[in-house]
Amino acid sequence: MRARLIDGVLAAGREVISIYDHGFSVETKDDKSPLTEADMASHHALVDLLENLAPQVPTLSEESAEIPFATRKAWQRYWLIDPLDGTKEFIKKNGEFTLNVALIEDGVPVFGIVHAPVLRTTWIGQQGQGAWKQVDEGPCHTITVRALPDPDQEAWQVVGSRLHGSEEFEAFCRILPNHECATMGSSLKLCLVAEGKADLYPRLAPTSEWDTAAAQAVVTAAGGQVLNAHTLEPLRCNQQESVLNPFFIVAGERDSRWESALRASLKS
Ligand SMILES: Nc1ncnc2c1ncn2[C@@H]1O[C@H](COP(=O)(O)O)[C@@H](OP(=O)(O)O)[C@H]1O
Ligand SMILES: [Mg+2]
């Protein structure tokens, strides 16, 4: 099942790349965010894939998100997909966009695939099994988060959104010990923490559950954490009518130094 899912996501990625390479028009959704043919081609390819592989499990996609909470709160298991995360990066053609498929059980992302077609890279995580990175259709390599280095010896690596920063994010970085900050689009940022290339991804700005669920499964299977920035509890899906996430932080490991910087930045 896992191999067929990965094959299907890679096939959807090939459709996306073909549109990326050959040109596309851009529409504006009701929430003013952009939509391209690639978002819809990926949505249809992934919905068809999941219906074929597991017809009994419902799917919630960013592009078909109108399913009322009264219906979905009864879902013990469901697929949660973001067919194209980083649509604005796709339009700018900087390659920083991903296809995201998560399996949610009792609100917890237990399995996730994040595929970045331009980077030809896929990250996979499965609760209790581990996390892997695959380039093209080559071998899967196990990935894990890294231990936070001593900041006096080595700068902490922080990643943030290229387009959706915030005052709280800036305040957090001002308080944090010795660190370097890189910005990037989409769920790629969580994958960098999962593979130990980044230590922290503070997201102190809005996102929705489909933006994070697949990559949360990768991060947690790699030994890391995706935590509500206020409560430091793991993010959970499908707990309320709104699909918006709280502000959150992704970390390889908990540490009182970044936790106190986070508390101070959220009060500022
Ligand atoms: N005001 C807002 N409310 C909800 N989600 C938002 C938002 N602004 C940005 N996002 C989410 O942030 C994602 C992009 O994240 P990043 O800035 O890290 O690249 C977008 O994903 P899509 O491209 O799938 O729409 C979108 O879902
Ligand atoms: Mg998204």
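Here the Cβ of each residue, glycine as well, is placed from N, Cα and C on the backbone.
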Next item on the list: From the candidates ASP211, ASP255, give the one listed by TrEMBL for the same Mg(2+) 2 site as ASP82, ASP85.
Entry: ASP211
Item checked: Which of GLU62, GLU63, GLU105 belongs with ASP82, LEU84 in the Mg(2+) 1 site listed by TrEMBL -> GLU62
Checklist line | Three-state secondary structure, which DSSP defines for GLU62 (substrate binding site) | finding: helix
Notebook entry, point to check: So how many other Cβ atoms are close to LEU84 (substrate binding site), meaning within 10 Å of its Cβ?
Noted result: 30
Notebook entry, point to check: When you measure from the Cβ of ASP82 (Mg(2+) 1 binding site), which residues in the chain that are at least 6 apart have a Cβ under 8 Å away?
Noted result: SER61, GLU62, THR98, LEU99, ASN100, SER187, SER208, TRP210, ASP211, ALA214
Notebook entry, point to check: So around the substrate site, GLU62, LEU84, ASP85, GLY86, THR87, ASP211 aside, which residues have their CB within 8 A of the centroid of those CB atoms?
Noted result: ASP39, ASP82, PRO83, PHE97, THR98, ASN100, SER186, SER187, TRP210
Item checked: Close in space, distant in sequence - ASP85 (substrate binding site), Cβ under 8 Å, 6 or more apart -> PHE97, THR98, LEU99, ASN100, SER186, SER187, TRP210, ASP211
